[in-house]
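**Q** Okay, handing you the structure first.
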Amino acid sequence: MTVALETRNLVKRFGGLVATDDVSIAFQKGVRYALIGPNGAGKTTLINLLTGVLRPTGGAVILEGADITGMAPHRRVQNGLARTFQINQLFPEMTPLQTVGLAVSERQGHGREWWRLAGGKREVIDEAAAILERFGLTDVMGAETKVLPYGKQRLLEIAVAIACRPRVLLLDEPAAGVPEEERHEILDIVGGLPDDVTILLIEHDMDLVFSFAQRIAVLVNGGLFMEGAAKDIAADPRVREVYLGEGGHG
Amino acid sequence: MTDIAAAAAVPQISPAADARLMLAAAARWRWWEFAVWIAALAAIVVFPRNLLLLNEIAILALFALSLDLILGFAGIVSLGHAAFFGVGAYAAGLLGKFGYGDPFLGLAAAAAVAAVLGFATSFLLLRGSDLTRLMVTLGIALMLLELANREAWLTGGADGLQGVTIGPVLGLFDFDLSGRTAYLYSLGVLFVLFLLARRIIHSPFGLSLRAVKQNPLRARAIGISVAVRLVAIYTLSAAFAGVAGALSAQTTQYVSLEVFDFIRSADVMLVLVLGGVGYLYGGIFGALIFKLMQDYLSAITPQYWQFWIGLVLVILVLAGRERIGAQLTRLFAPLLRWRRA
């Protein structure tokens with residue numbers, strides 16, 4: 001098995017607070033992971049370190065064998081590491097078609113072309129249209145994103161990341177805030193993502209975690225508490241104590 | 001156009017074809033756009049006595065368009081855009097003074113000098129808030145003003161740059177006293193640069209600028225280098241502003257220190273807000289409204305005409321352009337329905 005993404009002794013301190021405490025973990029290619037842990041365990045900080053939004057205090061991030069610790073966020077995306085956000089980060093006054101089309105066009109390297117009208121490249125449009133169709137967004141592709149129902153915006157959030165054609169995808173609570181009746185749509189999409197993509201899912205919803213993940217990593221107080229096969233983690237009494245017990249509050 | 005017609009003829013179109021049509025529609029020329037340019041040209045015949053004013057309007061419109069490129073499409077605020085107008089004006093003016101009076105050579109030089117300045121200073125704007133950007137741009141324009149003031153041997157200092165001689169446009173059309181050549185020249189340059197700007201904002205690059213403006217965090221997360229895009233558009237905007245400055249220097253055959261004045265930077269922002277930010281025509285409509293009000297009101301009340309400009313600005317910003325626009329649309333809705341039918 002090859003390692004897709006890896007951290008080595010990763011540390012992040014904010015003043016006196018240790019948000020990420022010596023985390024060394026390897027994500028194998030094509031495997032679905034879930035990252036769980038109580039609130040304040042450092043999940044989001046870890047994601048921000050992986051994607052380059054934050055610089056670590058110490059340690060390294062390795063993407064497909066290459067050290068990307070100091071690499072700018074947009075360069076990491078170009079190198080196959082994409083993400084979604086816990087709170088929607090979309091372009092409110094652009095349409096889903098423009099949003100996904102832009103992501104595809106950037107990935108294909110047309111982003112700096114100023115002499116050509118957007119929408120002129122067949123390979124961009126075809127791929128964007130296919131992604132929108134797969135995510136059930138074809139009906140609304142011409143509407144401004146800000147007027148879309150929340151569930152559709154959530155789908156677009158994932159669709160944009162997929163348009164970057166990542167080899168490693170970080171999903172930060174994809175179903176957060178989605179009403180119960182629209183949840184299955186998100187779950188189906190997440191479950192149906194391509195097999196060769198390594199996925200790291202951060203999620204509070206245990207049903208989603210156990211239906212999705214092959215392996216689970218548990219973070220507690222910024223440190224890696226445990227990492228293992230999903231069924232072993234589910235059965236582990238210590239995990240039940242630190243995480244599932246506390247999860248009852250949220 | 002033929003493949004649009006073909007696609008429309010097929011009753012069931014695929015999502016991809018639909019998407020293509022949708023994107024093509026965004027860049028299509030609207031009827032009123034043609035009307036704007038035809039009216040601008042017709043103004044030569046209709047208002048032969050006001051060509052000097054029309055020339056000023058065209059130059060101000062280009063200057064405001066240059067600001068729109070950064071403010072409307074990339075979200076960069078500036079209170080020092082006169083810096084680029086000024087260096088463009090001095091570049092063209094100095095060339096004219098020292099015997100290189102070809103108008104297009106002057107424009108090219110002005111664009112180049114302003115672009116270099118824009119490129120160099122763009123790096124100061126990459127980080128920081130709107131307030132930082134306002135202060136940095138303001139500061140740069142102030143420094144240039146004092147530099148031009150101090151180096152009087154070159155710029156003429158407070159007396160202004162005298163003895164600027166500009167040759168005929170294309171070697172054929174001399175600048176006349178009525179302003180006919182001046183207006184046609186400025187309008188032509190405005191039109192060409194407008195076409196370029198229009199092309200750019202509807203390109204993949206233009207789309208990426210809007211993305212950067214609306215959400216830089218997500219723009220980075222789809223692999224866009226935000227810094228590179230901002231540097232590129234700022235440099236282009238500076239070049240446009242430099243050309244506007246050059247047009248001013250060439251058509252008046254004079255450059256004064258006022259080209260760098262803070263008032264000029266503030267006015268161009270005001271003009272753009274009057275006309276509307278982020279749809280390319282804001283600069284043109286704004287310049288028209290601003291200059292006409294200035295011309296009309298200053299004839300009635302020479303000292304206090306800016307009062308009325310201020311009032312209009314306050315109403316426009318508080319009431320919101322959309323609401324005023326919606327009222328107008330409702331007013332004209334029957335007419336539009338009739339036109340469609």
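Glycine is no exception: its Cβ is also placed from the backbone N, Cα and C atoms.
All annotation found in TrEMBL is predicted automatically rather than curated by experts.
The transmembrane segment annotation in TrEMBL covers B:29-47, B:59-92, B:104-126, B:182-201, B:221-247, B:268-290, B:302-320.
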**Q** How about the transmembrane segment (B:59-92) and the transmembrane segment (B:221-247): do they have 3 or more C-beta pairs under 8 A, pairs 6 or more apart in sequence?
**A** yes
**Q** Can you name the far-off residues of the same chain, 6+ from the ends of the transmembrane segment (B:104-126), with a Cβ under 8 Å from a Cβ of it?
**A** 76, 83-84, 87-89, 91-92, 95-96, 132-133, 136-137, 140, 166, 169-170, 189, 227, 230-231, 234-243, 245-247, 249-250
**Q** In terms of Cβ proximity under 8 Å, which residues at least six beyond the ends of the transmembrane segment (B:221-247) contact it?
**A** 58-60, 62-63, 65-67, 69-70, 73-74, 76, 81, 84-92, 106-107, 109-115, 117-119, 121-123, 125-126, 185-186, 189, 193, 197, 200, 205, 208-209, 211-212, 259
